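Chemist: Sending over a structure as structure tokens; questions will come in a sec.
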Amino acid sequence: MPDDLPPTAPHREAPIPQVRGTRDWLPGAYAAIASLERTLMDRFVAAGFQAIRTPILEVTELHERKSGAAIVSKLFEVADGPARLCLRPELTASVVRAFIDAEPAPEIPWRVCSSGPVFRFERDPGPTRSREFTQAGVELLGAPGPEADAEVIALAVDSARAAGVADPRIRVGHTGLIVELLDRSGLPSAAVSSLIEHLSDAASEGRGVRALESAFDRLSGWLQGEAEREAKAVLPAIDQADDPGVDRLFRHLVPRVTGRRTGREIIGRLRTKWALGHSLGEALDRVRDRVHSLADLRGPAVEVLQRLELGFSSIAPGTIRGFLEMLRLLEGRGIPPERVELDLGFGHGIGFYSQMIFELAAPTPSGPVAICHGGRYDGLARVLGSDRDPHGVGFAFGVERLYHALEALPR
């Protein structure tokens, strides 16, 4: 081969694309987001919360027990023989598991903070729906009542200000009110469970209590349709038959029936059942009206509490007292009541949180951007296997969302 021939060019492989829903953080942007994470964690530690670190990899059941379908359906599962493992979709369950596993058992109240990447399989990822993102937050375990609620809300507000959001919007809700309203509705437990599950799924998509409207329509249509179909199919024949004819008709329709009741007696019970179907429809309409009234309660906290007491005092006396005490405690921490918006149509995390929920949003030229969510999750520790105090409350910032909100603010 002549020496003057050019060397053969190496074959160039096709580049490997970035995974959808993820992002490379290059110098400059990474320095900014890492600084935000440090600022938040420093604030948490300064407030008396000790930093801990939990694994990214967890047993899938940890999240299946309480996180709700909205998060469970987005788990990244990892094969490990018969074991079912997943990448954590949020931080709280891991922290509570660590609390349960710790030896010796931590003293309560237990104040801890953590940060790190979390993962959710978003089918249609976009700017506000990433498959990998960073959370930074706190958990306060073993502390019931408005005092603990006010402590974590005030810390979240202080941390947002330290990060550069001078005047975050504070929105507070309560998941227990809608659940209590549904429980007292007179509807069958299966219908109540269906409505709560529907609301939980809707909340994961950013919709509130009014998202129940479509579920009410489906249940109402089903109840009415079933009653009408059954009545039209059977009652005319029964009304025109003599007693022996009713017996023959019923034995033909239900050949395995046994007992001493006549066909007409059993048909009488069926009439009662069909009437019950209509009464359930009426109960559904009543609870629909009550849910609408509850969802419309939003605005300045003191004003909304007055309206809540007028319309829902029978189901909410403890909640009203708790809100008033929390507002008083927040004011003592430098957050006046007029800064707090109470929104009882706010349904974020209804499958996970048990009582108070809250959100902080950064005002940007294109509208408020949610940067922090939190609330009370009493009972989570018990669900995950603890026999100790079940109370818990906390919050988490979405660090990337906070970064993008700050980038959108005028310089």
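The backbone N, Cα and C atoms fix where each Cβ goes, and this holds for glycine too.
Predicted automatically and left uncurated, TrEMBL annotations should be read as such.
Taken from TrEMBL, the feature L-histidine binding site covers E90, L91, T92, R120, Q135, E139. Among the features that TrEMBL reports, domain 'Aminoacyl-transfer RNA synthetases class-II family profile' is placed at 20-411.
Where in this structure would I find these features, and how exposed are they?
Modeler: Its Cβ taken as reference, E90 (L-histidine binding site) is surrounded by 19 other Cβ atoms within 10 Å in the chains shown.
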Chemist: Given the binding-site residues T92, R120, which one is most crowded in terms of C-beta atoms within 10 angstroms?
Modeler: T92
Chemist: Applying a 10 Å Cβ distance cut-off over all chains shown, what neighbour count does L91 (L-histidine binding site) have?
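Modeler: Within a 10 Å radius of the Cβ of L91 (L-histidine binding site) lie 23 other Cβ atoms.
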Chemist: For Q135 (L-histidine binding site), what is the tally of other C-beta atoms lying within 10 angstroms of its C-beta?
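Modeler: Other Cβ atoms found within 10 Å: 25.
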